Structure formats: structure tokens, C-alpha cells
Amino acid sequence: MDPKEVLKRLTEGVSLSQEEAKELADLIMEGSIPEPLVAGILVALKMKGETPDEIIGFVNSMRQHALKLDLRNTLDTAGTGGDGIGTINVSTATALAVSSVFPVAKHGNRAASSRSGSADFLESLGYNIQVPPEKAKDLLSRNNFVFLFAQLYHPSMKNVAPVRKVLGVRTIFNLLGPLTNPAGSERQVMGVYSLPFMRKLAEAALKLGYVKLVLVHGEPGLDEVSPQGKTYITEVTGSKVEEYTYDFSEIIGQPVPVSRLTTTDPLDSVRRVLMASMGRDEAVEKFIRINVSVALYTAGLVSDFKDGFELSEELVRKLPDRIETLVRDNGDPSKIKAIKGSL
């Protein structure tokens, strides 16, 4: 494959096959293409519009180059990020809450465009995010939760990171993170920053082995379930795709403005989540609970979002103790104790 020829084709609007996309991604992952050419290819893909086959090809390459695990009977809540709104770490809080009743392998990274990434949030709690493959399975079996740090499990991404940083725009790699959990989680809630990508990601997911994937995009532009307006939902169940909208104000009553859910940094996000779990921040509590309701539905533990919302109250109330248990087994519990003591 000649990368220059690929760039020429992409600029002419010609899409790649799944096999071609994987071969191209392999070359990028291996550092075999000069950075200026990689930048051109990523921008050309973006301008043309990434197809499901191109996404699948890149996903398969990333999975092949990742450190390997087999923890398929798990749930993940990793999303695309990049909505630019800066809400509290609701997907990570959701993962922690749901892990009380279903095994969770949370895939995540440090903040790129947000104020607090999942890795930053967990570190602020005292959780050790550097969990190698040889320890991940035992940690999951003991605690029903493990965090898989993207920088550790996708070492080949170091060949792409400088280009992505210089470009400063979303590329195909923003879509790949949530689809490349090294655990191979068969169930996932995936927040998507852009509504047009929902269908593309769903079509790609049909060929990626999910038992249940629920993609969500909430008004006004959230890559999460929205407490303010409608949430656009695409369910992938085996070979079936279903699209619909849901207004969670039917469950929570008065809508919650997104402006009440923003955070300034990881520690602030941690404090807001803990306050919510203690019943002292109603807006954040509702935000977490509706996201937990969708995760419980995705895990197959409830039949609808309303039942999930009812169960979520108990799980959210248990969060402080749940977090302390997880951190005590893998991290520095003095951090979470100090934060709890300051609230």
C-alpha cells in the first residue's frame, strides 16, 4: 500500500474498503508513515466522512496492536468525549455505581478536550489506574470493577499522539477509543458527541461482536444521557438496530439545565459526585441516576429505563463506600477518606 496514493484517493472522495483501512491503520500504528502524511490522511478521511467499513478497519487494527485481555462478560461506559461542555465525570460515576451489581471493565484515558478524563477522576479518588493485564482479571474477579488505562493498553497510539495534538481537530481516532476496549466488553453504553455519527458507529458495531450496545446523544449536544432535553438513542442488539428518542424528564420530573452539571477539574468532579451520592446535589444526582438507568438496561438487569432509575437510587447512595472499597484494594484510600472528610 502506498500511503501517498491513499491520500490522493481520499481527497478525491473515494472511500477505503475495510481491508484497506486496516492495512492503512497498521502502517500508522507501526510508525511507518511520516507524520505530515498521517496528518493529511486523517484530515482527508474527516473531510470525506469516515464510513462504517473504514471505522471497522481502524478498530480491528487498534485491537490487534493492543495489549490483550479476555473479559468479555463485562460492561463498559466509555464514550467518544469531545462534546466541549465539561460536565462532571458521569460515565465513570455510572461505571462505579453499576459495578455493585454487574462486572465493569472501564476503558478510559486522561482528559483531551474535557476538564476531567476518567483516568484523572479515578486518580483523584486514589485509584491506581496503572493496572497491567496480568492483574486486571484478578482485580475484576475480586471487585467486579477494573479500569483499563488507554495509554497503557494501546502503546502503538504513541505513534499517532503527536499528530493528533498538532492537528487539534477531531479525527477518526476520536471514534475508535470507545470501540477498542482491550477487555472486549460485550455490553456498552457509548456517549457520542455528534448525532450524525450515531448511525455510522451502529453500523460498525454490527460487525464488532457486541451483545448489546446503546449509543446515546443528549440535548443540547451531550455525549451522555441528557437531563435537560431529549436523548437520541440507538440500540444495537446482535444483528438488530433500533433508533428512538427518550425524554428523561418523564422519570426525573423537572428538567435539569446542563449548566448545573459542569465541573472545573477532576477534584471538583469527585466532590460533586460524592455530594450527589449523599443527597446534597440534586442536579448531579439526577444526572448520574438517569445514566445509571441506561447502563442497567444495557447490562440486561432491568427491562426499561424507569425500572433502572428506581434501582439507581440505592446504587448511587452506596457510591462513597463502594469507591472506598475499590480504592482500598487498588490504590491509596487516604485520598478518598480525606475528600469525604472535607465534605
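Using the three backbone atoms N, Cα and C, a Cβ is placed for every residue, glycine included.
Residues or ranges marked as 5-phospho-alpha-D-ribose 1-diphosphate binding site in Swiss-Prot: GLY79, 82-83, THR87, 89-92, 106-114, SER118. In the three-state DSSP assignment, the secondary structure recorded for ARG110 (5-phospho-alpha-D-ribose 1-diphosphate binding site) is coil. On its own chain, ARG110 (5-phospho-alpha-D-ribose 1-diphosphate binding site) has GLY117, ALA119, ASP120, GLN151 as residues at least 6 apart in sequence with a Cβ closer than 8 Å to its own Cβ.
Counting every protein chain shown, 25 other Cβ atoms lie within 10 Å of the Cβ of GLY79 (5-phospho-alpha-D-ribose 1-diphosphate binding site). Taken from Swiss-Prot, the feature anthranilate 1 binding site covers GLY79, ASN109, and the record attributes it to sequence analysis.
Reduced to three states, the DSSP call for SER91 (5-phospho-alpha-D-ribose 1-diphosphate binding site) is helix. Taking the Cβ of SER91 (5-phospho-alpha-D-ribose 1-diphosphate binding site) as centre and 10 Å as the limit, one finds 29 other Cβ atoms among all the protein chains shown. Annotation source Swiss-Prot lists Mg(2+) 1 binding site at SER91, GLU224, citing sequence analysis.
Feature annotation from Swiss-Prot assigns anthranilate 2 binding site to ARG164; the stated evidence is sequence analysis. Note on ARG164 (anthranilate 2 binding site): other Cβ atoms within 10 Å of its Cβ, all shown chains, come to 18.
All protein chains included, GLU224 (Mg(2+) 1 binding site) registers 28 other Cβ atoms within 10 Å of its own Cβ. The Mg(2+) 2 binding site annotation in Swiss-Prot covers ASP223, GLU224.
Checking Cα-Cα distances from ASP223 (Mg(2+) 2 binding site) against the binding-site residues (GLY79, HIS107, ASN109, ARG164) with a 10 Å cut-off leaves GLY79, in sequence order. The binding-site residues examined here are THR87, ASN109; by Cβ neighbour count within 10 Å, the least packed of them is ASN109. Note: the Cα of ASN109 (anthranilate 1 binding site) and the Cα of GLY79 (5-phospho-alpha-D-ribose 1-diphosphate binding site) are spaced 11 Å from each other. Distance from the CA of GLU224 (Mg(2+) 1 binding site) to the CA of GLY79 (5-phospho-alpha-D-ribose 1-diphosphate binding site) is 8 Å.
With respect to their backbone Cα atoms, THR87 (5-phospho-alpha-D-ribose 1-diphosphate binding site) and GLU224 (Mg(2+) 1 binding site) stand 9 Å from each other. Each residue contributes its Cα atom, and for HIS107 (5-phospho-alpha-D-ribose 1-diphosphate binding site) and GLU224 (Mg(2+) 1 binding site) these two points are 16 Å apart.
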